[in-house]
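Enquirer: According to Swiss-Prot, the feature Zn(2+) 1 binding site maps to His53, His55, His110, Asp127. According to Swiss-Prot, the Zn(2+) 2 binding site annotation covers Asp57, His58, Asp127, His165.
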Amino acid sequence: MNLNSIPAFQDNYIWVLTNDEGRCVIVDPGEAAPVLKAIAEHKWMPEAIFLTHHHHDHVGGVKELLQHFPQMTVYGPAETQDKGATHLVGDGDTIRVLGEKFTLFATPGHTLGHVCYFSHPYLFCGDTLFSGGCGRLFEGTPSQMYQSLMKINSLPDDTLICCAHEYTLANIKFALSILPHDSFINEYYRKVKELRVKKQMTLPVILKNERKINLFLRTEDIDLINEINKETILQQPEARFAWLRSKKDTF
């Protein structure tokens, strides 16, 4: 399997997973034009679309792509039924695409019906987890999002996090505003800044490293707890997550 990315809009990535025969699955095509261009250039043969949630920048290109490739199966949660999904999927489902098995798990928070697709080592997590951050809570609660992130955090160390936006630099700046002396985050910031100056992408990221730079995955880390305790004493990891999310919302 080969992982490819297509830039879209200002900071979206549309992921395309291909096999050796050129058959492919397209993840969250927010617009059709760049996908159609890439398909023509690489001579890919689209077999399926994965949708993680219903937001327009993730589903906007589905119907046009289906006009060109009506044989495609479009997998998505119930909230994407009116966005072009032909096969509804949910927590615990498994599907076979490109000869590979993908496991789905519900990750409510950003939206209530958000799902992720996992076939080791690839995790397509939409707007649940970003490198250095997590999605805004447009529909769900902090508790829901925390539990969703813990599902992701339980995956193997070598999982490749394929999130949908290039938010890494801004997220690392936020992390440093909370833990300014964290050596790993500081070093990672320098690397990410250099990549972005060169207009290179920072994704995908390996989960083992993400656990070190993403404060939303470090709610039981003593350094973070000590920093939060300077402002307020929060006993539960979920409460510390909610505190972080509130801080990020106004950062």
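Placed from the backbone N, Cα and C atoms, the Cβ positions cover glycine too.
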Enquirer: Between His165 (Zn(2+) 2 binding site) and Asp127 (Zn(2+) 1 binding site), how far is it from one CA atom to the other, in Å?
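Expert: It is 8 Å, counting Cα to Cα.
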Enquirer: Does DSSP put His58 (Zn(2+) 2 binding site) in a helix, in a strand, or in coil?
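Expert: DSSP assigns His58 (Zn(2+) 2 binding site) to helix.
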Enquirer: Around the recorded Zn(2+) 2 site, report the further residues of that chain (criterion: Cβ within 8 Å of the mean position of the Cβ atoms of Asp57, His58, Asp127, His165; site residues excluded), sequence-ordered.
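Expert: Once Asp57, His58, Asp127, His165 are set aside, the remaining close residues are Asn12, Asp28, Gly30, His53, His55, Gly126, Ala164.
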Enquirer: Write out, in the order they occur in the sequence, the residues of the chain not among His53, His55, His110, Asp127 that have a C-beta within 8 Å of the mean position of the C-beta atoms of the recorded Zn(2+) 1 site.
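Expert: So the additional residues around the site are Thr52, His54, His58, Thr111, His114, Gly126, Thr128, Gly135, Phe138, Ala164.
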Enquirer: Cα of Asp57 (Zn(2+) 2 binding site) to Cα of His110 (Zn(2+) 1 binding site): how many Å, rounded?
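Expert: Pair distance, Cα basis, whole Å: 14 Å.
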Enquirer: Let me make sure I understand the structure: which of the binding-site residues listed (His53, His58, His110, His165) has the fewest other Cβ atoms within 10 A of its Cβ?
Expert: His165
Enquirer: Per residue, counting other C-beta atoms within 10 angstroms of the C-beta, which of the binding-site residues Asp57, Asp127 reaches the highest number?
Expert: Asp127
